[in-house]
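One structure below.
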Amino acid sequence: MNDFLFLSASPNQRTSIAYRFADALLESFSKKHPAASVNRRDLAANPLPPLSAAYGAALTKHTPLDDPAFRQSEHLIAELERSSHLLIATPMHNFTLPATLKLWIDHVLRIGRSFSPGPDGKVGLLADRPTYIIVSSGGFHRGPQARQPDCLSDYLRLALRTIGISDCHFIYLQGLVGGEGAVAAAFASAHEQLSQTPLFAGIEPMSSALVSSV
Ligand SMILES: Cc1cc2nc3c(=O)[nH]c(=O)nc-3n(C[C@H](O)[C@H](O)[C@H](O)COP(=O)(O)O)c2cc1C
């Protein structure tokens with residue numbers, strides 16, 4: 001069992017601001033909880049394979065869980081099941097999720113495995129767990145400077161709730177195209193957002209080195 005599954009989805013990979021913020025958060029968390037373990041999956045560095053026709057066909061029939069068409073999906077769901085917390089670092093792309101993260105969702109939301117259909121809608125079959133989503137964006141989608149819709153948050157919240165994960169906390173790093181000052185302001189705002197959360201409320205603020213290194 002891992003304490004965290006850390007999914008990152010930015011094409012900027014380890015230089016991504018969302019990734020670096022999430023990574024620093026894990027470092028702060030690990031200082032308080034030295035035994036904490038983290039399983040990392042970089043969806044941009046190691047893209048998942050596209051969905052196959054066999055996978056689509058297997059979904060529509062009563063296919064055994066160990067069918068080869070489900071191998072990738074089964075691997076990702078089992079990986080998620082082994083984590084007590086989920087941390088996602090993702091940029092906003094064209095108002096929503098990057099395609100790499102959407103593909104993870106398409107592999108993980110699986111009828112009969114991670115959710116089942118019910119009379120009132122889909123019912124999640126995985127255990128709920130604290131989930132933190134760090135969203136980076138070049139511009140603003142909330143607050144007084146918002147100039148665009150956010151089609152990412154509600155969708156990702158719905159996708160995770162579909163499989164049983166509803167304890168979701170979104171942390172926004174906005175306005176990142178504005179240079180060093182804007183990044184520093186985004187980090188300060190993100191700290192404020194984190195201070196309202198149960199898991200990260202008591203963490204030490206991250207070092208200013210993180211800001212100046214961006
Ligand atoms: C294909 C693409 C689409 C983007 N669409 C948006 C967008 O809709 N809204 C926005 O504010 N920023 C948009 N951006 C800017 C990214 O959100 C920004 O580059 C990202 O937050 C950088 O974060 P990172 O350092 O974590 O990778 C887009 C960037 C790319 C490459």
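Cβ atoms are placed via backbone N, Cα and C, with glycine included.
The 10 Å shell around the Cβ of Ser136 (FMN binding site) contains 26 further Cβ atoms across the protein chains shown. In the three-state DSSP reading, Ser136 (FMN binding site) counts as strand. Sequence annotations record features per position, and here TrEMBL assigns FMN binding site to Ser10, Ser136, Ser137, Gly138, Gly139.
According to TrEMBL, the domain 'Flavodoxin-like fold' annotation covers 5-196.
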* Compile a sequence-ordered list of residues in the same chain as Ser10 (FMN binding site), six or more apart from it, whose Cβ lies below 8 A from its Cβ; state 'none' when nothing qualifies. => Ser16, Ala18, Tyr19, Ala44, Ala89, Thr90, Pro91, Pro98, Ser136
* Asked: Among Ser10, Ser136, Ser137, Gly138, Gly139, which the record lists as binding FMN, how far apart in Å are the two most distant Cα atoms?
  -> 16
* To do: Note the Cβ centroid of Ser10, Ser136, Ser137, Gly138, Gly139, the recorded FMN site, then list each other residue of that chain whose Cβ lies within 8 Å of it, in sequence.
  => Ile17, Ala18, Pro91, Met92, Val135, Leu173, Gln174, Leu176, Val177
